[in-house]
Amino acid sequence: MKFPGSVLVSLILFVAETAAALCLSGAYRAAGDRMWQWLTLLFALLPCALVQLSLVFIHRDVSRDRPLVLLLHILQLGPLVRCVEVFYIYFHAGRVEEPYVSITKKRQMPKDGYSEEIEKEVGQAEGKLCTHRSAFSRASVIQAFLGSAPQLTLQLYICVLQQEITAARSIFMVLSLLSIVYGALRCNILAIKIKYDDYDVSVKPAAYLCIFMWRSFEIATRVTVLVLFSSVLQIWTLPVVLVNFFGFFFYPWILFWQSKSPFPENIEKALSRVGTTIVLCLLTFLYAGINMFCWSAVQVKLNDPDLINKSQNWYRLTVYYMLRFIENAFLLLMWYVYKTDIYLYVCAPLLVLQLLIGYCMAVLFMLVFYQFCHPCKKLFSSSISEGLLSCFKFLCFICKPPKSTVLMDKAEMKSENTDEAWSSSKTIDSQKGNAHQSVSSNA
């Protein structure tokens, strides 16, 4: 049975970041910065409440008679209780013979074109641990993109305005960045396991390293670009954020309405239609929050029973990174044009170049991951290089003028050349006629 290390990491980041947020909020209160105090508390407590809600929902605690657990969740102590429960199950597993086990069938990764199916016995303890790991993975994603990402943006913005980086604020920003990167990593692993649920997926350390570097560069550059832009053009920050957020929020719903599929009813039997709608809105809310800062490896598809798009769409991935690179470059250009005196001692061209190179490094590590380190790359219908090449060919085809227009232009040029030749030959004939008349008159 695998050690529940992911649960322990999620708990440590959750507790450390919450404690750091409370300490920093107290420091802002002592300094008299009420606005920064309340914003720091908001970005710390809102994801805490959503994490408790997700853990209760996944474990179905409402339908079970567990009042003490529900009380601890209300007191924001749910992750601690769940972690204690996880390690109790782990250390007591195997001591008592389980009354029954379930048998799961998984297929191995194809070797030489063949894939074997293996059967595995899963006991009650291992099944409960699997449920806990899944719950903590989802809680880490919620904590990362609905709490840590706004928190990191806020604290970096305060550092820029005050032109000071304190020790407490720097520690808090490092914890927030680690939380976001870890949440993005868990999001990638969840996407792989959901898409390839029939296979026995084993993620190697090289894959974890590539994902970590990819997400670190991507998120750090994105947050820095947003902070730089908002520090000089505060009025335009809200429109940029709202267009990004609501664009990604309504995108799954637009696809769902276009498909004309029936409303999903199989999410949870105990939920009414209103409850299902609320759950779907929260899901798309989280999806929009992720895509605000980085590429969402899990693509929401509301007309699918699993609510996840399991196809590998290289075109969507290419379009996202191209548009995000253009947006980042445009925001940096606006910052460079309207930068204020607080950036007097900053080499602006060098900073812009470093941020653009950082984003390109994120794309490079992403390509390396999908090309060489993805645990299920043998199942791809096409590799990432082939997919990107076909996407670029398609985009170039769109940018080219239509063939009929080219033919019409060539025909017009040909007719113009013919007319010019005809007019020139006519001029020559007239000149010859005039010369002949002049010769005959002289004679």
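A Cβ is built for glycine as well, from the same backbone N, Cα and C atoms used for every other residue.
Taken straight from TrEMBL:
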type: SIGNAL; residues: 1-20; note: signal peptide
type: TRANSMEM; residues: 35-58; note: transmembrane segment
type: TRANSMEM; residues: 70-91; note: transmembrane segment
type: TRANSMEM; residues: 167-185; note: transmembrane segment
type: TRANSMEM; residues: 235-256; note: transmembrane segment
type: TRANSMEM; residues: 277-298; note: transmembrane segment
type: TRANSMEM; residues: 318-338; note: transmembrane segment
type: TRANSMEM; residues: 350-372; note: transmembrane segment
type: REGION; residues: 418-443; note: region 'Disordered'
type: COMPBIAS; residues: 420-443; note: compositional bias 'Polar residues'
Ranked first among 235-256, 277-298, 318-338, 350-372 for CB pairs under 8 angstroms with the transmembrane segment (167-185): 277-298
Within-chain partners of the signal peptide (1-20) [C-beta distance under 8 Å, separation at least 6 from its ends]: 44, 48, 51, 79-80, 82-83, 86-87, 90, 93-94, 125-126, 129, 132-133, 136-137, 139-140, 143, 147-148, 151, 168, 171-172, 175-176, 178-179, 182, 186
Selection from 70-91, 277-298, 318-338, 350-372, the stretch that has most Cβ pairs under 8 A to the transmembrane segment (35-58): 70-91
Recorded stretch that, among 70-91, 277-298, 350-372, has the most CB pairs under 8 Å to the transmembrane segment (318-338): 350-372
Cβ contacts under 8 Å made by the transmembrane segment (277-298) with residues that lie 6+ beyond its boundaries: 50, 57, 141-142, 145-146, 149, 180, 184, 187-188, 190-192, 194, 215, 218-219, 222-223, 241, 244-250, 252-253, 264, 267-268, 271, 307-308, 317, 320-321, 324, 366
